[in-house]
Amino acid sequence: SVGFKAGVKDYKLTYYTPEYETKDTDILAAFRVTPQPGVPPEEAGAAVAAESSTGTWTTVWTDGLTSLDRYKGRCYGIEPVPGEENQYIAYVAYPLDLFEEGSVTNMFTSIVGNVFGFKALRALRLEDLRIPTAYIKTFQGPPHGIQVERDKLNKYGRPLLGCTIKPKLGLSAKNYGRAVYECLRGGLDFTKDDENVNSQPFMRWRDRFLFCAEAIYKSQAETGEIKGHYLNATAGTCEEMMKRAIFARELGAPIVMHDYLTGGFTANTSLAHYCRDNGLLLHIHRAMHAVIDRQKNHGMHFRVLAKALRLSGGDHIHAGTVVGKLEGERDITLGFVDLLRDDFVEKDRSRGIYFTQDWVSLPGVLPVASGGIHVWHMPALTEIFGDDSVLQFGGGTLGHPWGNAPGAVANRVALEACVQARNEGRDLAREGNEIIREASKWSPELAAACEVWKAIKFEFEAVDTL
């Protein structure tokens, strides 16, 4: 028989290989697959492997011009999801040669590209990725990392405190700068541009940068502490984004900010490289993440977006609070917090970690807890996140009945009280409220904050459980 065998054949004949032994250089993926009725799970898993690597819907003549065995993705394992009908975890291994070095963009285009619209699947979710050390070494990663940031700021042994300036839209640059100054002067380490503050008619970016720089220098001089404001450099083009980052550096600002999902991984990686070369810290906001990660059976889990950010580069990233107004279950959140901070993370299915991940020498990222948190949450936050974190109170600072600076004082006093209590061996989980009450006796600012928020709770079940 001359030529090749044309026609359509089952994916599983080529792409389902349960006997395959994964290599150290493979990128491994765990997908939650919901096949259409009548599609066997092996075929669905193989289809995912094929469509996200070398396959197409029919045999093509040009397959003969390459070595499919060398380049194809392989579904090497399938397991049913306990408690779910017709859902499976499909494990897929991709040879490293399929991916461009140092490009999160290219990695995602393959692994979570067209395959998510594939008709034979009702739904598909990427739960986790194991990124091999060989691929990690092609990335710069975070511009500075946790230790370098602490050294730059000269702040040790406690979480850092931040505040998002509200109202998020509508303030003039001068009034915005004033709010920044008051918060920093009151005792916060950082203030933050809201993610949707870019350069709007009511406040152009250059004016905001100038007034915020003034606020930073004034509050530094008065407190003797190093201060920062996350200047949001996110823009409509990469060139404009870089222009803003360069201006921030010229002002001597310590940190800039980027919305990495709406801005895109290509822009983010460029900015991260600039930040390392020029000594700027990079704060990352995850606006749009819930569009991708909130549905349990379709999309991509945030732990994958977090890993991708560590590769692309950022020194801080928003990572949920466990206790505030935004989604995040405790064990799952702590799972990806470890993936952001630690050098080596063991597989632990109870926390949603499907693979052991070795980050080799990539710096760590500080998780940022932000969204609906206030002084009564401080003991829980200190206990859950530990020292290497940024705790951000927007309304929880600016909503103080006496104003912004007293709001900042209340948060700083609450934090210092929790850290001291923990260092003295007290149990923050059990004695948290008592610790805050004791501290409020000698801090009228904290007492006023405690009174305002004593009954506020955001209690809904988490949507994204294991």
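Note: Cβ is positioned from N, Cα and C throughout, glycine not excepted.
Within HIS318, HIS400, the residue that Swiss-Prot lists together with ASN114, THR164, LYS168, ARG286, SER370 for binding substrate is HIS318. Of all the Cβ atoms in the protein chains shown, 24 others lie within 10 Å of the Cβ of THR164 (substrate binding site). Fewest other C-beta atoms within 10 angstroms, among the binding-site residues ASP194, GLU195, are seen around ASP194. In the three-state DSSP classification, ARG286 (substrate binding site) falls within coil.
Annotation for the recorded positions LYS166, LYS168, HIS285: lowest Cβ count within 10 Å of the residue's own Cβ, LYS168. Ranking the binding-site residues ASN114, SER370 by other CB atoms within 10 A of the CB puts ASN114 at the bottom.
Proximity to GLU195 (Mg(2+) binding site), judged by a C-alpha distance within 10 Å, picks out THR164, LYS168, HIS285, ARG286 from the recorded positions THR164, LYS166, LYS168, HIS285, ARG286, HIS318. Following the DSSP three-state reduction, the secondary structure of SER370 (substrate binding site) is strand.
Only LYS192, ASP194, of the recorded positions LYS5, LYS192, ASP194, HIS285, have a C-alpha within 10 angstroms of the C-alpha of THR164 (substrate binding site).
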